[in-house]
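Colleague: Please find one structure pasted underneath; my questions will follow.
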Amino acid sequence: MLAFAKEHRERRLLLGSPIESKKSASSAPPSGSGAPAGKRPGPFSLVLSWAGANKRYLFASVACASIAGLMTMVGYLGVFNIMRAAYEGTCTSSTLRDNALLTAVGCVLQYACFAASSVLSHKGAYKTLFDVRCRVMDHLAHAPLGALDERGVGRIKTVLVEDVERLELFLAHSIPEAFMYLTGPVAAFAFLCSVNAPLALATLVPFACALVILGVIFSRMSKVMERATAALARMNAVMVEYVGGMRTVKALDMGTASFARFRRAIDEEHGLWCEIARKTGPGYAAYLVVIECGLLIMVPLGGWMFATGAVAGSTYLLFAFVGSLYLTEIRLLQEIGTKLAQVGSGARRVQELLDVPAFGGGRPFPDRADIELSGVGFSYDGSVEVLSGIDLSVREGERLAVVGPSGAGKSTMVELVSRFYDATAGTVRIGGVDVRDIDYDDLLRNVAVVFQKTFLTSGSILENIRMGSDASLEEVREAARLARIDDFVMDLPQGYDTEMGSLGNRVSGGQRQRIAIARAILKDAPILILDEATSAADPENQLEIDAAIANLSAGKTVIVVAHRLGVVRTCDRVAVVEAGRLSCVGEHEEVLRRCPYYARAWADYDRARSLEIGFGASASASAPAAGAPVSASGASAPDPVSAPDPLAPPDPSAPSFVAPAAGARAASAEPLAGKEARHA
């Protein structure tokens, strides 16, 4: 969850869809509640609708809970029978035995039915939680990335974990418990009405007062509960940010106390729950006192009616005992009400995610893989334009480099191709078809992306390369060999079964990127986007990554977003993006002449390379020709722009890659020590 949006973005392009949906690729993504506009069902209706076929477990649970509720009255009945027999002087050993047996059977049935109800309700609840989480994730897989960015990592995590988990309170506890706590008292009240209706109605006076108190409690709680849940989401978001920046916090010796936002979020959440306790505590205490005070009404009222001959002595005993106690079973309804307040707010936030407009089905992916952007504009917030008036064509099989200053909109432009976002102006076409008309799953299956920051799960290396595909081990190894990562993996103690979580940070950035390249090779999509894919490369593994990219890009339409200009000369054309606009497009030499920014960037790159190669040169070394970069020994260095083409298909007459020296290969394959540990 540390970078949910980025992880979600990469998952969606690894193998087409991050969720193994039971539906076919052409089926429409899950929708929200399906209610007509302006007529939204309540939160509890939503939860029951999400239960779907699992409602059969809930119905069976309710039946068992109702029987358990009826059995709670059996004990009262047994004790009353003994008291009445003693009052009338007819109590015998058989009376005691029979009523004791009746009470025992009632207790056994009560707990047996309650246990069965609990098992059934939890089975239905957890099946529903599983279905809801899959439904939400499947929906998010078809939602625009901007919708996820707006909500933030912490809020989405809160919905998927805490809010969905709250549904279990309603399904597994609130529903069966409500029926159990109400069935017995309702049956007892009906029996009391058959004996003496006025006294039976008098028993409801404490209950009526308790309902008024509960109404006050819930009104106060509902106003604060939404704020408390929102505070929890903010605390989760800040906590994720804090943990993600732990290296920086430790490096600067900032400590927890110095992270003010983290402290404020915790204090806010704590303060709101204290406010809930202050506002509901006195009312809850009053509720318990009132619901337990049936004797204060039944004893004087029943005694007066008995003294005046209005009721018999047995009736007086019945109401004094059962009539004053049966409503105490309802006292736990307050806890159910508290749970319902939490469930309602959680269900509303789950529905908010399901209400995010999702990309649906459409036409199959076209036969051609050329890309065209016509008058494309884009804005994240609807006010500030990030891109404007972009007109660009990429021929099928062409390699296009996209360069420009930071923040110019390079990554945003290529993200429109893979439909992470929809253009707010103009049209993006693939094979002459608007990407908005292409089936979304089909689009994801045919576009591969290698990102600057590689997302790896804690699973095995095999699972990380497969990412949900059914590729065989040999197919995975072949992709890994082409990505120049197979040797490293095979030198690990457990090979491809090695858990990434066990390696921690002992896998270098270059190795992570080669794993990502292996994924893309395995996917074999006709369109390839490299978004700063060599950013983590150091001089020791740059050759390996270049060879891997060459294998990956052979025969594909390739767009390279690059800050390192060494790869640009190897592309067919260059597109320069400045301030959200396309300032120049053409071949390298042409753009070098026409675009001042590109010329400055290359001059800076050449100077930086010259300093890098000449660093440490001997003062007595002979000077090279003017303008030529020098090596550490003072000899003329090769021209940086004449380096091997990392995007060119491998020469069939040449070896598949240039093997490093034996010592270098041994060092690069060393899994947990030496070079790789140092570059972790």
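Heads up, the Cβ atoms here are built off N, Cα and C, so glycines get one too.
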Colleague: For the feature region 'Disordered' as recorded in TrEMBL, pick the matching range from 131-185, 241-295, 406-460, 626-680.
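Modeller: Going through 131-185, 241-295, 406-460, 626-680 one by one, TrEMBL gives region 'Disordered' for 626-680.
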Colleague: Which of 57-79, 100-120, 284-304 has the most Cβ pairs closer than 8 Å to the transmembrane segment (186-218)?
Modeller: 284-304
Colleague: Which sequence-distant residues neighbour the transmembrane segment (100-120)? Criterion: at least 6 residues beyond either end, Cβ under 8 Å.
Modeller: 57-58, 60-62, 64-65, 67-68, 71-75, 77-79, 81, 172, 176, 180
